[in-house]
Structures are given as C-alpha cells and as structure tokens.
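These come from Swiss-Prot:
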BINDING   118-134, 141-142, 149, 166-167, 172, 349, 538, 548  FAD binding site
BINDING   307, 546  substrate binding site
TRANSIT   1-111  transit peptide
C-alpha cells in the first residue's frame with residue numbers, strides 16, 4: 001500500500017510492485033520551523049550552515065540555480081521499496097542480542113565517566129551503547145560537524161555536500177538494529193534489488209544483476225549472475241564458479257586465510273580469467289575500498305560476497321533520506337544526551353596525557369583544558385591516533401602493529417547541472433571507469449536532495465592517490481570527461497551540452513584503512529593492553545572490515561569491553577581518589 005504525501009505525476013516510473021510516494025517537505029522529513037529548519041523530534045541543527053567548512057565554487061551558470069526551491073513546497077514522486085524482511089536473519093538476531101545486553105545489564109552503582117575522542121559512527125556507537133548500559137559518556141569531536149567519515153556540510157544555497165556516497169546494505173545487521181533502536185527505520189530509502197553497471201564498451205548503456213524476490217539466498221544471487229550475459233560469457237561464469245568453490249566450502253577459516261593475497265593474484269591462482277576481474281572486480285574493489293584489485297586483499301572481497309550471497313536481502317541497498325549529520329547522527333546524539341551523556345563539538349585532542357604508570361590521565365584539548373574520566377576511548381581514524389600515540393607506548397607490540405594500517409585517499413565530487421539528466425536510475429550505479437567508482441543522481445535517489453528539473457550527481461573519485469593533491473578544477477575536468485562516456489547524449493567535457501551550475505569537491509587524504517594483503521593481523525582488539533584505554537573504529541578487529549557497519553560494530557564491541565571491565569575501572573578510580581586524598 002503506497003504511503004502518500006503531496007503527490008504529482010512528475011517522473012512517475014513504476015519499478016516494482018510497491019511504490020512509496022512522498023513529498024520532500026511532507027511529514028516524512030518533518031515540519032518546517034520559523035527559521036527554516038525542518039523539525040522532527042528536534043533532530044535538526046538550527047543554523048546548519050555552521051556545521052562545516054564551505055567548499056562552494058561558483059560557475060558562470062549558477063545564476064539560474066535555486067529556481068525550484070523558491071517556488072514553495074515541492075510535490076515529489078519517489079519510487080522506493082518496502083523495508084526488506086531482515087529481522088529474522090541470524091546476523092540481525094545476533095546484533096539485536098548484543099544490543100539488548102547493554103539495556104539488560106545491571107545498573108551500575110557508580111556510573112563510569114568515559115571520555116571518547118571522535119564523533120564518527122564508531123565513537124557515536126560506543127557512546128550510545130555505554131549510555132544504554134547506564135554509564136555517562138563524554139564524546140569529544142574535533143570539528144564542528146558530526147559523523148566523521150559520514151560528515152556533510154550545507155552551502156549558502158542550502159544544498160548539502162558529503163564526505164562520501166553512503167549506502168546502507170541489508171547485510172549491515174548492526175546498522176539496521178541501530179536504526180530500529182532509534183525509531184528511524186523510515187529514513188532509509190530502499191531501492192530495487194539490483195546491481196547496475198555501466199558498459200564502457202557501449203557508452204550510455206548499462207548491465208544489470210537483478211535478484212529474484214522469489215528465491216532464497218544464495219540461489220537469488222546465483223540466478224542474477226547466470227541471467228546476465230552482457231558482462232560475462234558462460235565459460236567465464238563456469239570458471240568463476242569453480243574458482244569460488246573453495247571459499248564456499250571452506251567457510252570463515254578459508255576466508256580469513258586469504259588476507260595475504262590480492263584479488264588479482266587470487267583470481268589467477270584459482271584459474272579465473274582476467275576478464276572476470278576486469279569486468280566485475282575492478283568496480284567492486286573500488287566500491288569496497290577505493291583501490292584496484294591488484295592492491296586489495298582477497299579477504300575483503302570474500303567477506304562481502306559471503307554477506308551478500310548468504311542473506312536473501314544482503315545486497316539490497318538503501319539511501320539515507322537526507323544528510324547524515326541530521327538524519328542519522330543527531331538521533332544518536334539525542335539518545336546519548338537523554339541518558340545523561342554529553343557530546344561536545346570543536347573539542348580537538350592535542351595530547352594524550354599519561355600517569356606515571358603509563359595509563360591515561362586525561363585528554364588535553366587544543367584550548368589547553370584537560371578532560372579526565374574513569375576510562376578513555378580513541379575513536380578517531382587510525383592515522384590521527386598514530387600522530388598522538390604517546391612516546392611511552394610506541395614499543396608495545398599492540399601499538400606497533402598499527403603502522404601497517406594506513407588510510408586510503410578518496411575524493412567525493414558533487415556536480416549540479418542545469419537540466420535533468422535522463423540516462424540514470426533511482427539507484428547506485430557502478431561507473432566502471434578508470435577514474436570513478438560509484439555514483440548516483442541524488443536529485444532522484446534522496447528525498448532531501450530531490451529536484452525535478454536539475455540533476456545533482458554525487459560521484460566517488462577513486463583510486464585518488466594521484467589526484468588528491470590536484471586542484472578542484474582539474475578533478476572536475478577529469479570527471480566531466482568520464483561523464484561524457486556515461487552520458488554521451490547529455491554531457492560533453494566542454495559543457496556544450498549539460499552545463500555545470502556549481503560543484504563541490506571533498507577530499508579525504510586518509511579515509512578508511514587501506515585493506516591491502518597482510519593487514520588483518522595488525523588490526524587491534526578494542527581493549528588495549530593499557531588498563532582503562534580502548535580503541536574504536538572500523539580499523540579495529542571486527543568482521544565487517546572498513547565500512548559503516550564495521551564502525552558501528554566496533555563501537556558496540558568497545559562498549560562491551562568497558563562494561564565487562566566495570567569492576568576493574570571502578571577499582572582504578574577509587575585507588576586514584578585515595579591516592580589523591582593522601583597527597
């Protein structure tokens with residue numbers, strides 16, 4: 001049964017048996033306050049322009065921008081799909097049980113004050129579940145925006161630009177539980193169960209892998225591969241299937257053993273033709289870790305395939321219905337604060353101050369203030385942690401292993417065009433270009449970004465190592481050349497067709513850790529050898545690697561370790577107080 005907001009017949013395309021009709025300013029996004037900030041359960045930042053640094057770059061064509069937004073409430077049609085049945089899968093139930101242990105744990109007689117550095121998904125998750133267990137997290141974020149790798153900013157036109165193109169899979173059980181626990185399942189816009197790849201040899205054309213709703217996993221995935229005859233030949237499919245047999249039969253132990261070999265080398269070792277790697281796994285490698293298959297560890301691919309093929313809805317994708325800081329991070333913040341926790345922006349860690357015994361005394365902020373607590377968590381990226389690693393810890397093997405973990409550069413590009421592009425889908429698209437990874441027309445896929453007259457393409461530019469230091473204009477020029485192949489009838493590199501109204505280029509020199517062969521043994525457990533000090537983040541040890549799901553799970557595991565260490569941490573605090581009173 002369709003859910004109806006303000007409805008018109010704009011671009012109505014039926015893509016499935018269930019259609020969701022919505023308005024970009026209907027109740028699904030909240031009501032509009034006097035200051036223009038949409039409000040629903042107070043989940044918005046007022047004056048969101050202050051959430052990040054402006055990267056706005058005008059072009060001569062920008063004078064026609066914002067026409068639609070000035071016409072009043074938009075009447076919008078969006079074809080989304082119902083939330084899939086995820087709640088009874090083994091992984092979802094396992095994640096739900098872990099969440100329940102925090103709510104069910106005995107209320108502490110003395111709640112711990114835990115200082116957490118970094119308000120990305122790892123830090124937010126750690127704080128959320130510690131608050132659920134009755135403790136008082138103090139979450140410190142260096143910047144003026146929440147989200148870490150899912151941060152976003154609003155420009156002077158009211159348009160958002162993001163750190164990355166974020167996709168929520170059915171195979172993300174801890175993320176899906178988190179949305180349910182916060183009561184925001186309706187903020188995920190589920191798309192058709194397909195994977196859509198551009199065809200470089202046929203400019204402007206796409207090839208699809210469509211997953212049947214009638215079949216269980218892994219049959220729906222196998223059928224999707226067998227039905228696609230445009231990317232792989234039958235002999236290639238057979239050789240690929242034979243090559244995958246050891247992974248399918250060997251289970252998790254086999255998957256973990258493939259950490260030391262690259263995707264390309266593994267494929268050749270298994271007798272899989274190079275064309276399979278070129279046709280499928282270049283795109284998949286770039287989407288998973290922003291690097292090519294000659295660098296990526298095969299373990300990463302096998303983990304993804306395992307999740308996608310073992311769960312019926314594992315590879316089904318959803319977009320968040322708006323910007324991540326307001327639509328995802330703020331509900332977590334409000335949950336934390338409702339239980340007595342704190343979240344502080346503009347609180348950059350300058351130094352980890354130690355006690356004489358080598359344990360953490362406080363986090364020193366850039367303004368000179370010291371934040372003390374009963375326990376400390378560093379949930380910022382591994383590259384930042386290594387810069388702040390105390391000298392006394394550098395010879396400890398646990399910390400020495402972190403040298404192998406290095407963030408990978410990535411660039412996120414947003415381009416607003418003067419017209420609606422036709423050669424696109426309401427979905428994530430794999431570009432299969434040499435410079436671009438995945439992209440989406442966010443004016444179609446996302447409620448908050450909807451525009452019936454003008455497209456906004458958000459594109460992941462990867463691998464980005466050779467481009468991260470180049471100018472924004474060079475990156476845009478290179479992107480337009482790639483788009484001319486994807487949209488041959490609508491885009492040309494010289495803008496003689498669709499014209500750029502404006503663009504934003506967001507560079508992240510060190511994003512998720514680069515999952516090259518040999519990284520797995522270097523990933524740290526959340527509980528460090530330093531009593532009272534813990535790590536969280538997608539680079540820490542958890543089974544979902546470098547992803548939003550991995551970050552959320554790392555936070556839960558970190559919170560679990562702290563709850564388990566409650567007696568030890570209380571004892572440390574009492575000893576500290578008694579020593580202070582003697583002095």
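Any Cβ shown, glycine's included, is placed from N, Cα and C.
Where Swiss-Prot records a feature, it is marked here on the structure.
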residue : record                 : DSSP class
118     : FAD binding site       : coil
126     : FAD binding site       : helix
134     : FAD binding site       : coil
166     : FAD binding site       : coil
307     : substrate binding site : helix
538     : FAD binding site       : coil
546     : substrate binding site : coil
Site with most surrounding Cβ atoms, counting all protein chains shown within 10 Å, from the binding-site residues 118, 122, 134: 122
Cα-to-Cα gap, residue 166 (FAD binding site) vs residue 546 (substrate binding site), nearest whole Å: 13
Sparsest-packed among the binding-site residues, when each Cβ's other Cβ atoms within 10 Å are tallied, from 130, 546: 546
Nearest-integer angstrom distance between the alpha carbons (Cα) of residue 122 (FAD binding site) and residue 546 (substrate binding site): 11
Distance check against residue 546 (substrate binding site) for the binding-site residues 118, 126, 130, 134, 538, keeping those with Cα within 10 Å: 538
Residue 307 (substrate binding site) to residue 538 (FAD binding site) - Cα separation in whole Å: 17
For residue 538 (FAD binding site), the number of other Cβ atoms found within 10 Å of its own Cβ: 27
